[in-house]
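> Here's a structure for you.
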Amino acid sequence: MVAKVIDGKAFAANVRAQVADHVASLKKTNGITPGLAVVLVGEDPASQVYVRSKGKQTVEVGMNSYEHKLDASTSEEDLLALVDRLNNDPDVHGILVQLPLPKHLNEDLVINSIDPAKDVDGFHISNVGLLGTGQKSMVPCTPLGCLMMLRNHHGSLSGMDAVVIGRSNIVGKPMAQLLLGDSCTVTIAHSRTKDLPDVVRRADIVVAAVGRPEMVPGDWIKPGATVIDVGINRIERDGKNVLVGDVHYESAAQTAGAITPVPGGVGPMTIACLLANTLTACCRANGLPEPEGLTA
Ligand code: GUN
């Protein structure tokens with residue numbers, strides 16, 4: 001079998017178009033423009049690229065973008081004071097503090113100072129708890145994007161065997177919660193898992209989120225399974241810098257039923273879901289119906 005390629009770039013463009021439509025009607029009907037504030041502390045080059053891209057896409061869907069760039073030496077007190085101001089600003093519906101923060105700042109403390117209703121990353125401990133107990137929450141963007149693509153491909157996920165490889169707070173754990181919420185039988189595998197190949201071979205859905213280049217070979221994939229590759233690893237091959245996932249794409253695509261490529265799979269969905277979360281937060285803040293198909 002040669003897998004169907006799940007085109008994350010096209011899927012993300014479709015999500016952004018749905019967000020843009022909804023934003024336009026919010027403006028017209030309710031006179032409300034959703035606003036996203038992004039806070040960047042320091043000059044990490046990768047973070048600067050992400051933040052620029054977030055700001056550009058926010059404006060493209062018709063939302064207001066507020067960028068706060070702070071010096072790397074900013075004190076925790078000053079950062080917390082900014083978050084407090086954004087929490088109390090009615091024009092700001094979503095707040096994202098770009099991670100990683102410089103070492104002298106306590107990430108948990110800063111993230112948990114964000115109003116959970118504006119926590120469009122879904123990292124606040126309240127949102128983690130709400131997701132874990134099946135209640136309405138803000139859902140982390142990358143797992144939400146993976147869930148959207150899986151639902152689109154399969155319709156119902158009920159009863160499917162899903163393996164999530166990786167147990168991070170940002171992807172692995174919330175991904176497992178979302179799959180459980182959609183009635184999958186979920187296994188979270190990690191570096192200490194025994195017989196990982198056999199565990200993966202049982203799965204109808206494989207979500208790889210470990211950050212190890214091409215760690216999952218094609219012969220671990222059950223014929224017809226759906227493979228979602230969250231990894232974005234930069235490696236050198238034949239003297240060139242290339243991006244590869246956590247899955248060995250060429251071999252996995254021979255066995256899988258469907259697979260996301262790297263690049264152009266999960267990657268573009270993350271910012272699209274950030275915009276969707278900002279819209280959702282804005283609708284909730286104003287007591288308006290949430291956008292359909294853009295939440296968990
Ligand atoms: N750094 C890399 N990815 C992310 C993300 O999704 N959210 C935040 N806040 N920081 C990041």
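Glycine is no exception: its Cβ is also placed from the backbone N, Cα and C atoms.
What TrEMBL records for this protein is below:
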BINDING   GLY166, ARG167, SER168, ILE232  NADP(+) binding site
DOMAIN    6-121  domain 'Tetrahydrofolate dehydrogenase/cyclohydrolase catalytic'
DOMAIN    140-284  domain 'Tetrahydrofolate dehydrogenase/cyclohydrolase NAD(P)-binding'
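Any idea what these are sitting next to in the structure?
Taken residue by residue with DSSP, SER168 (NADP(+) binding site) is part of neither helix nor strand, so it is coil.
Each residue in the domain 'Tetrahydrofolate dehydrogenase/cyclohydrolase catalytic' (6-121) has a pLDDT score, and their mean in this model is 98.
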> Which residue counts does DSSP yield for the domain 'Tetrahydrofolate dehydrogenase/cyclohydrolase NAD(P)-binding' (140-284) in the helix, strand and coil classes, in that order?
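Across the domain 'Tetrahydrofolate dehydrogenase/cyclohydrolase NAD(P)-binding' (140-284), the residues distribute as 58 helix, 32 strand, 55 coil.
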> Relative to the Cβ of SER168 (NADP(+) binding site), which residues of the same chain, six or more apart in sequence, are found under 8 Å away?
ALA209
> Considering each pair of residues in GLY166, ARG167, SER168, ILE232, all listed as binding NADP(+), report the largest CA to CA distance in Å, no decimals.
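The span, Cα to Cα at its widest, is 16 Å.
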